[in-house]
Amino acid sequence: MKSLLDLFKQFTPDEHFNAIKIGMASPEKIRSWSFGEVKKPETINYRTFKPERDGLFCAKIFGPIKDYECLCGKYKRLKHRGVICEKCGVEVTQTKVRRERMGHIDLAAPCAHIWFLKSLPSRLGLVLDMTLRDIERVLYFEAYVVTDPGMTPLKKFSIMSEDDFDAKFKEYGDEFQAKMGAEGIKDLLQSLDIDGSIERLRNDPTGSELKIKKNTKRLKLLEAFKKSGIKPEWMVLEVLPVLPPDLRPLVPLDGGRFATSDLNDLYRRVINRNSRLRRLLELKAPEIIARNEKRMLQEAVDSLLDNGRRGKAMTGANKRALKSLADMIKGKSGRFRQNLLGKRVDYSGRSVIVVGPTLKLHQCGLPKLMALELFKPFIFARLEAMGIATTIKAAKKEVESGTPVVWDILEEVIKEHPVMLNRAPTLHRLGIQAFEPILIEGKAIQLHPLVCAAFNADFDGDQMAVHVPLSVEAQVECRTLMLASNNVLFPSNGEPSIVPSQDVVLGLYYTTRERINGKGEGLIFADVGEVQRAFDGGAVELNSRINVRLTEYIKDKQTGELVPSTKLWETTAGRALLSEILPKGLPFENVNKALKKKEISKLINVSFRKCGLKETVVFADKLLQYGFRLATKAGISICLDDMLVPTEKPGIIEQAEQEVKEIAQQYTSGLVTSGERYNKVVDIWGKAGDEVSKVMMAQLSKEIVTDRHGQQVQQESFNSIYMMADSGARGSPAQIRQVAGMRGLMAKPDGSIIETPITANFREGLNVLEYFISTHGARKGLADTALKTANSGYLTRRLVDVTQDLVVTEQDCGTHSGYLMRAIVEGGEVIESLRDRILGRTAADDVLHPENRSVLAPAGTMLDEDQIDELEVAGVDEVKVRTALTCETRFGICAKCYGRDLGRGGLVNGGEAVGVIAAQSIGEPGTQLTMRTFHIGGAASRAAIASSVEAKSNGNIGFNATMRYVTNGKKELVVISRSGEIVIHDEHGRERERHKVPYGAVLAVKADQTIKSGAILANWDPLTRPIITEFAGKAHFENVEEGLTVAKQVDEVTGLSTMVVIDPKHRGSAKVIRPIVKLIDASGNEVKIPGTDHSVTIGFPIGALVQVRDGQDVSPGEVLARIPIEGQKTRDITGGLPRVAELFEARSPKDKGVLAEMTGTVSFGKETKGKIRLQITDPDGAVWEDLVPKEKNIIVHEGQVVNKGESVVDGPADPQDILRLLGSEELARYIVDEVQDVYRLQGVKINDKHIEVIVRQMLRRVVVENAGDSTYINGEQVERSEILNTNDALRADGKIPARFTNLLLGITKASLSTDSFISAASFQETTRVLTEAAIMGKRDELRGLKENVIVGRLIPAGTGMAYHEARKVRENMDDTERRAIAEAEAAELAGQAEATEANEGAAAE
């Protein structure tokens, strides 16, 4: 019977649509939606509470108030369904139709729709080719517009004031027509000839760029009107639709008052003004009165649609702006973000979390009361099935009474039914995980300690929410995809997320440390059991060095079987005991060392790769238990004597104070400028602080002990504080330094460093001044945290929005393009090894052995750990890999180009939403870091400035192609190139390290010289930038005039004077003159650049201190001037987050550098006022020139040859320039490197591929250069996949395809310009997006995730992908196939029903 009842349920399958189209409604359409005209402004009768007839809540128009009952009560109940009562005119039906039936208002005068008028750019203005100002004057009855000039010389579309109109009317009489208000605009729109206009615009010969741009916009709009069949005059409303009353409810409050939606107020005003206007028109009232009323009506309609967009917002009784229709859908509390994307969830609860150290990784403790409430429906069903309760009501009673049988059933129901735990803020996918619940007493949820890292949870009062998956499918998904034991790696970098922390680390570290001369040192044991007995009996200490025979199981590479191998190990008792819990296949050497946090992480990683997921999870749990037990036994705690203040501290501080005094004297005697003094003081104190912390760590970390033979030896200290920091359990050297060293330099809130440091530490205590200074830093930390959390959240939101529709849609796109990857080396150190960069990527070409050219990895293999080991042995130093950016899949990405799914460890699965994962991986650490700025307490963590580079390895010196240098008078080699690099090769000629060498550095090595590691390669003055001459001659100054371009600074002690170049802004006159020096040779001529007829000209930049005198002889490599470098600010991610946002928004930097537009020779043309004319001539003689402001630093000189895309003016690069000149590969490299720099500074690891995915989305649109035979317009922006599909079709027909260029959009722009208007509207600028979409008559294909969430379907990713594919298959079937399937299903059902009946019959007998 039950199955029969299900047939009557209203079933609305979501199969019925596969796209959503938006458009503009014609008056006929609005009337067809309507169930009647609303004529009166009344709502309900205040005595009877029944709706007034023809009013805003009229039951006749909108439907009955009670289910199946008319208003007057003549017809009641289901039997009269569909009857229309003749007395009150109400149809007898369900009351829910009041949510869907619309009404309408016939406007007495047309009104323009404010969205098409005021949403910029004004669509009405574009269509009519009039300015917004003019249209507004017409609409609000301040001016006339000529709608039909007749035979007069007047122009159509021309605007005239009232006086003009009167004059013209006297002159021409009725020969022309001019109107005011929306009627005039409507006439113009109606008379618009769209085809003719399109023809005219396409053939417009204009050359002005502005005109072309405007024409393109108009053309696009008119084409859209033509294509979508929307008539422009519909932008002016004649009929206004009325929202169904239940969507703008009127709710009685207690005390006889009513709460109402603002919309009712707005509608009421429209209706009032409309009726009044209608009456005035019937009475033939004077024009001026009617005109005023029409204006008021237009304003009322404006307010209803979008209150406050024009003029003052309409306010209610309480002076608050009323919420209009537009406000209902936009913003955080609008329809999209509040109700469609952010729904609240049933079957959920929340509570405080406490630690559950006894749980297994896949379990959580759920309070009994909570479980009872959450699993109620399951319990009811079970009670009914067992026959304990006959009805749901009885079952409810049973549960409420809490009988023992209920608890038994609860246990049964909960068994193997996973629940989801979520901790807000959910910053990445590990913020929600599934666990199997274990019933516990109490009211707090118990959480497994190892998942805390993923949730970022601690137990200081955090709360978590529980959600119950109801359907079987949901439970299966929870178990397979979301169970905590299936999510052991971070999706952002592939590192394990279940790494122990704090106490556990401390316990494991203590166990695996060795102590010299511990009890039982040197004993030899036969097996671990013996060690255990000896340890229990007290014969041997945990940390004693002993020898043990151990058996380990190693996986054979060929067969993959575990082979036992036994040998005698030198180890400690603790490590031997720990070996018991190692999974088979994990070598003992992995734990035969002091286990710090990093080592433990590595251990779990190795276990995952070698032994698989299941073993690793079990191992992690055992490790946890072991660590807790031993941390308890170790009894490590903190005491005051552990904080050792180094004895050398007073000496170091005294010396620093001495140095600071010297600098102060130099300053008073004028040897150094104020800025230099500040820099040097900060530097001295920075070094002193580091020195103190060095001595302190040396003292803390080592202790002298006596070994077995009575010798004094040094061993690592067992100082508690040192062990906590060293193991990575808690604290860091930076924090210990503040406790036992000196606090050091503090930062002001603006990031600059206070030059008086805090010399005390917390153990000694701070004095009042020091305490006051330190509050500065603390306050900055707190303020930062609050502000940055919001910023970071917004960044994540933009990232998710731009990538949400990127899903793995196919296995292999078959491309052979990719990027060459090599290790990132900076300052001679390998920052990121080649291994880290290519792990889990697919090789684009065969990887060959560098010596014998044999294939190590064929193209298309995913490089895993073992293969990369082979590559490293062979010495491969660059590999071409496929990337997200070179993938050729349309509308998605292929698994091969993406490579390994970092969160699972294998090739990425089809349907994985890699876009969202990338966004989370980049956004999550942003938030994490900003929440952590204040942990260093503002202690300035500035790097001491480098002043030299030294070799890290032995090898041969080589210079890169751009390195240039001259020999100066002292026979030193002085670097005169900006991008010179020293490269060190090993004996095989492989590059080992690469060092950037700044301009003005003195080289300590020559090319092809062999050096040992540690040798100095080059050194320079870190606090100034020099200006150097490359040629010899006599210095001849031009425009170097004291008081005009330079100022004299006299040193009082020595009487020497230096000249400083003044900033043009501070000069009284001569703002455009640039001080320069030329060189004169022996015969009195100007020295020329060899091979050209340009004279050598060297400019002095602003703030330069001139080092030579006029007429002095200079030799090559001599310093002519030096520029002091400004003070350093402290760096923390605060600077970093906006930097990341800036990169992803592809903003042009403020003082951006200039890149060479082509390859050629540099020359300087005639200077203009305040600017230098920089020219580049290519070999064919074409010239490109740029005017550079004089204050900019030009880093090329006359006659230099530059390559296209090389920097010619100093400054940060503009991503748009990089894309245009160097292509998308270089751009991607630039963005990836810059973003990684920011995160690397904070020690955060993110895989490059996530950033590449974002860049792919930033490059997903292109600009049409030449439309060919396509329907595109030149200059139009199109989705890349779409234009590629179009071009394929055109080529197939033998037509000319469209040509296009790459376009780089920032993430906000890219999100808004997506083809899906639903996604764009729910992101930002809702009004503008919807206006545009409506005019274009856009179709949303519902490709992305967001659109599908909004329309309430499964997302086309993951398990939803299969559902969508099946749907497509069903859609492509013809009706006969469909009918056949339906009939087969029906027959099967019938068969089942008969079988059931037969069974029941048999049972009855």
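Any Cβ shown, glycine's included, is placed from N, Cα and C.
The Zn(2+) 1 binding site annotation in Swiss-Prot covers CYS70, CYS72, CYS85, CYS88 and rests on sequence analysis. The secondary structure of CYS72 (Zn(2+) 1 binding site), as reduced to three states from DSSP, is coil rather than helix or strand. Neighbour list (CYS72 (Zn(2+) 1 binding site), Cβ cut-off 8 Å, at least 6 residues apart, same chain): CYS85, LYS87, CYS88, VAL90.
Per Swiss-Prot, Mg(2+) binding site is recorded for ASP458, ASP460, ASP462. Cβ neighbour count for ASP458 (Mg(2+) binding site): 11 (other Cβ atoms within 10 Å of its Cβ, all protein chains included).
In the three-state DSSP scheme, CYS897 (Zn(2+) 2 binding site) falls into the helix class. If you look up Swiss-Prot, you'll see CYS813, CYS887, CYS894, CYS897 marked as Zn(2+) 2 binding site.
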Next item on the list: List the same-chain residues at least 6 positions away in sequence whose Cβ sits under 8 Å from the Cβ of ASP462 (Mg(2+) binding site), in sequence order, or say none.
Entry: VAL352, ILE353, ARG423
Item checked: Cβ neighbour count within 10 Å of CYS894 (Zn(2+) 2 binding site) -> 22
Item checked: Among CYS813, CYS897, the one of these binding-site residues whose Cβ has the fewest neighbouring Cβ atoms within 10 Å -> CYS813
Notebook entry, point to check: Ranked by the number of other Cβ atoms within 10 Å of their own Cβ, which of the binding-site residues CYS70, CYS88 ranks first?
Noted result: CYS70
Checklist line | Fewest Cβ neighbours within 10 Å, where candidates are the binding-site residues CYS85, ASP460, CYS887 | finding: ASP460
Check: Taking the center of the Cβ atoms of ASP458, ASP460, ASP462 at the recorded Mg(2+) site, which other residues in this chain have a Cβ no more than 8 Å from that point?
Finding: ILE353, ALA457, PHE459, GLY461
Margin query: Rank aside, I only need the closest one: which of the binding-site residues CYS70, CYS813, CYS887, CYS894 has its C-alpha nearest to that of ASP460 (Mg(2+) binding site)?
Written below: CYS894
Notebook entry, point to check: Between ASP458 (Mg(2+) binding site) and CYS887 (Zn(2+) 2 binding site), what C-alpha distance do you get in Å?
Noted result: 41
Check: Can you tell me how far the Cα of CYS897 (Zn(2+) 2 binding site) sits from the Cα of CYS70 (Zn(2+) 1 binding site), in Å?
Finding: 64
Next item on the list: Pop the Cα-Cα gap between CYS813 (Zn(2+) 2 binding site) and CYS70 (Zn(2+) 1 binding site) into the table, whole Å please.
Entry: 63
